[in-house]
Every structure is written in C-alpha cells, then in structure tokens.
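Residues annotated as domain 'Prepilin peptidase A24 N-terminal' in TrEMBL: 16-121. The feature domain 'Prepilin type IV endopeptidase peptidase' is assigned by TrEMBL to 131-243. According to TrEMBL, the transmembrane segment annotation covers 6-31, 101-121, 127-145, 157-174, 180-203, 215-248, 260-283.
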Amino acid sequence: MPDLPLAAWTALAAALGLLVGSFLNVVILRVPARMQADWRRQAREVLELPEADEPRPPGIVVEGSHCPRCKHRLAARDNIPVLGWLMLRGRCRYCGEPISIQYPLVELLTGLASAAIVWRFGPTPGALAALVLTWFLVALSGIDARTQLLPDELNYPLLWIGLGLSLLPAWQPLPVSPAAAILAALIGYLSLWSVYQAFRLLTGKEGMGYGDFKLLAALGAWMGPVALLPIIMLSSLIGAIVGGSLMLFFKHQRDVPIPFGPYIAAAGWVWLVAGNDILGAYLRLTGVQ
C-alpha cells in the first residue's frame, strides 16, 4: 500500500464511506420493497390467485437513483453525498416534495464510521474487513428502523463472511479461531432465541424477531464468544435509553414496537472498535489486571 500518514488514510476512508453511504440508502429503500413484492407473489402462488399487474421494484444496482415520489431520475449533482441534499435544501428539484433526512444522515454516519475504523485499525486487511462489517450494520440498522425487518439477504452473507474470515487470520479485525466463531454464532442465536421463547411463554407476546437472533449470531462469528455478553448488555442499555427518551419526549406509545436490530448493530460496532479497551478497563477496575 502507498506510504501515507494515518490521517490521510482516515480522510480517504471518510470519503469512501460517504460514497458507500449513498449506495446504502438505495439498499435500505429497495431491499425491503423487493422482499415485499416477492412475498406477495409467493402468496398469490400459494392461494392460486392470478398474477397481479404491478411494476417490479427497481433493482439494487442496475437502475439509477430517482425521486421516490415523482420518479424523476436524479442528476449527478443531486447525488453528491450530503452536499446534494443540502444544495437542494431537502426538497426534490423536480416536484418540490421533501426528501427524507435519512439520506444525508446515513451518508454522514457511514463516512464517520468508516473513518473511525481506519483510524482504529490502520491501513490493514483487517480494516477492510471491518469496513465491510460496518457497512452491513448500517444497512441492516436502516432497514430495521424503517420496516422492522432484518433481511436474510444481508444477515446470512454477514454470518458466512464472519465464519470465512475465521480461516484467514490476517484479514480479521479481531482474532477469532474457526471453532470460536462457530461456537459464538450458535450461542449468539440461541441466547436471544431463548429469551424470545421465555418472553412469549410469560406474556403471550413476541418481544423480538428472528432477524435479531441471526444478527447476533453473525456478530458472534466476527468477534467470538467473549463479545456476546457485552453486546447484549450494551444493546439493552442503548435500547432502554432510546426507548425511554422516545416515550418521554416524543410520546411514543408503549404498545408500538421499537426495532432492536439497530441497538444490536450499534453495540457490536462499539465492541469492534473499542472492545479491547472496554475489557481492559473492566479488568483493571475489578483488580483482575
């Protein structure tokens, strides 16, 4: 790799993250739309209903960006990450309808998170893998926040990549053996599945979805068994703070579900970047180290 200062690599990662964040906005919007179209088609086949004359949702990569309301194709200058939204003042150039603030927020978040990864790991193969994990987590969080879905189309590849990296130590952000990756994936899935089953037996309600189990399993494959309990505890803490704030300040109703996937993703990313520091501080605090 070119011999550049770490600050330069970090700036390049931020720029790349902004561009990837623009693409992740497309993923966040189009993956659920395509999933729902497939479900409707499968339901019609099972019920032996005639095919509906509905347009196929746009592809993830092939079709360009367009306004979700007027469907006008966006100009290149309107697709500049963050700046495009600011120059348009948050409104479509063609129909004048508001453009969701999700777009610049996802781009900015992805850029900052990508910069933090390279600052933490340096220009290494492990940093590239950590960037891929980060981008998956942003996409999954955005989809879950919008639709309360954590698609298998993203969860399963994330799981398999994590398991595969356990065979390639040089590409691992955190050292995890193949046996530890498999064990952590199993424990991650079964731990939340057990909580789900216990909650359903006690209350008759479903506290979380199967996508949450799969996401924690994937994070276990990437980070190993030692990360699971901290991720569960931190995600619960973040969820309690955010959920309490929504109810206190934004009048969120108690019976309206709040997606848990973004909290798992946030906790997993924090452990990825600062887990060793957190663990070291805990050991020093308890006198173990």
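Glycine is treated like the rest: Cβ placed from N, Cα and C.
Automatic, uncurated: that is what TrEMBL annotation is.
Note that the structure is predicted; figures quoted are calculated from it, not measured.
Touching of the transmembrane segment (127-145) and the transmembrane segment (260-283) is concluded from the presence of at least three CB pairs under 8 A, sequence neighbours closer than 6 excluded.
Of the Cβ pairs linking the transmembrane segment (157-174) with the transmembrane segment (215-248) and spaced 6 or more residues apart, 3 or more are under 8 Å, so the two regions touch.
In this model, the domain 'Prepilin peptidase A24 N-terminal' (16-121) carries an average pLDDT of 86. Mapped onto DSSP classes, the domain 'Prepilin peptidase A24 N-terminal' (16-121) shows 60 helix, 4 strand, 42 coil.
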